[in-house]
Amino acid sequence: MEMDTIAAISTALGEGAIGIVRLSGDQAIAIGDKLFKGTKRLEDTPSHTIVYGHLMDDASEEAIEEAMVTVMRAPRTYTREDIVEINCHGGLVSVNRVLQAVLAKGARLAEPGEFTKRAFLNGRIDLSQAEGVIDLIRSKTDRAMNVALRQVEGRLSKKIGKLRQALLETIASIEVNIDYPEYDAETMTAKLINEKMTIVLAEIEALLATAKQGKVLREGLATAIIGRPNVGKSSLMNSLVHEAKAIVTDIPGTTRDTLEEYVNVRGVPLRLIDTAGIRETEDIVERIGVERSRQALKEADLILLVLNYAEKLSKEDEALFEAVKGLDVVVIVNKIDQTGRIDMERVRQLAGENPVVATSFLQEEGVDQLEEAISRLFFAGGVEGADLTYVSNARHIGLLNQAKAHAEEAIAASLTDVPVDLIQIDVTRTWELLGEIIGEDVQDSLIDQLFSQFCLGK
């Protein structure tokens, strides 16, 4: 497949020590040579080496920029094409000057994600690995990064490949039995199909069982902080964020809108939503905030319900317990540095199986216990382990669910008098759906949409 040579800035725009302009394609080295003047031509430079020199302007014969240029020859590169990376001084002017010079010599400005797209089209990575690159870039915690890294390395791809191979062998045996009954091949009976598909189904279900945790690591937990006004919701948010994000006062109704912030709680990314205190109010601005709080409650994955240790439980408190029934909740009894008036026995009764944590955010007490409770609620205290194959991508989850349904159909049919060649339809469809995860037989529009999510230069 012949492609033109592309170029883009690969480092973040802004002031910095170094900026990188990356080229990829058959003419990458030749274009570099049109600009670069050093001790030797780039064409004569061995692969995977760096050379020092200057980028020159043909017209004025003056230097455009001082640079270190890396030459990497196909196929041992990110895209499996020749790659040249020009390392120049950081800064908007210098990096853009180099990019414009490269484009003037014949390179085309790359589209978002086009370098990774070429890695996919040239067979260096499959589609699930490419999606792992996006997750790696967007990781908000070390745990999320480790999971994404395993996907980039191909751990999910290998699992999918193993399942597809087992299905392919089953399909092949069925077809041999039908088309060449005289051959001495294994007879693929309905009973044997049942056994093989049961194994495949168990593997698919095992992958889907990781989806909830995987989604949490990829997208973060939408976490609503709720409670009556002035119980310490904003102080809780500030304790987890470690900065004064919300206004903390003794005046009820201070938080009149929802505030959002991402925080890392023991490897679990939380998208914290500090809601306005839920109460009846005549203040029109505060009332809008209260309505948004109720909406945030409906959309949350985790609820942090804050109570005041220094006050008796109110009807509003009990109504909040009723509102979050059936959801994942951590109950926080705050202000334990003050004289206690709350009925802790009643609190535990209302909390049921949900954890109850006593805190004083003013004195920084109980924060560690709170973080431990959140981590245990979703990861039983930890997510690290030898097997970090988590399914987190919505596209993968959807395809696995479809594959699961067809595997179940094949198993159900194998227990009836349905002919083997009809059972094969569901077996084949299971194989096809798993293939779509790694990029087999996917539409070009899907590929274009996926890579458009990348930043320029990746």
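All residue numbers here begin at 1 and follow the chain in the order shown.
Placement of Cβ uses the backbone N, Cα and C atoms for every residue, glycine included.
Residues annotated as (6S)-5-formyl-5,6,7,8-tetrahydrofolate binding site in Swiss-Prot, with sequence analysis given as evidence: ARG22, GLU85, ARG124, LYS458. Residue environment of LYS458 ((6S)-5-formyl-5,6,7,8-tetrahydrofolate binding site) contains 19 other Cβ atoms, counted within 10 Å of its Cβ in all protein chains.
The domain 'TrmE-type G' annotation in Swiss-Prot covers 220-379. Averaged across the domain 'TrmE-type G' (220-379), the predicted model reaches a pLDDT of 76.
DSSP assigns ASN230 (GTP binding site) to coil, not to a helix or a strand. Under the heading GTP binding site, Swiss-Prot lists 230-235, 249-255, 274-277.
Per Swiss-Prot, the feature K(+) binding site maps to ASN230, THR249, ILE251, THR254; the stated evidence is sequence analysis.
Taking all protein chains in view, 23 other C-beta atoms sit within 10 angstroms of the C-beta of SER234 (Mg(2+) binding site). Annotation source Swiss-Prot lists Mg(2+) binding site at SER234, THR255, citing sequence analysis.
Of the residues the record lists as binding (6S)-5-formyl-5,6,7,8-tetrahydrofolate, namely ARG22, GLU85, ARG124, LYS458, the two whose Cα atoms sit farthest apart are 19 Å from each other. Of the listed binding-site residues ARG22, ARG124, LYS233, the Cβ environment within 10 Å is emptiest of other Cβ atoms at ARG124.
Between the CA atoms of LYS233 (GTP binding site) and ARG124 ((6S)-5-formyl-5,6,7,8-tetrahydrofolate binding site) there is a gap of 49 Å, rounded to the nearest whole number. Distance from the CA of ASN230 (GTP binding site) to the CA of GLU85 ((6S)-5-formyl-5,6,7,8-tetrahydrofolate binding site) is 55 Å. Nearest by CA distance to ASN230 (GTP binding site), out of the binding-site residues ARG22, ARG124, LYS458, is LYS458. You'll find the Cα of ARG22 ((6S)-5-formyl-5,6,7,8-tetrahydrofolate binding site) roughly 45 Å from the Cα of SER234 (Mg(2+) binding site). Of all the Cβ atoms in the protein chains shown, 20 others lie within 10 Å of the Cβ of ASN230 (GTP binding site).
Cβ neighbours within 10 Å of GLU85 ((6S)-5-formyl-5,6,7,8-tetrahydrofolate binding site), excluding its own Cβ and spanning all shown chains: 20.
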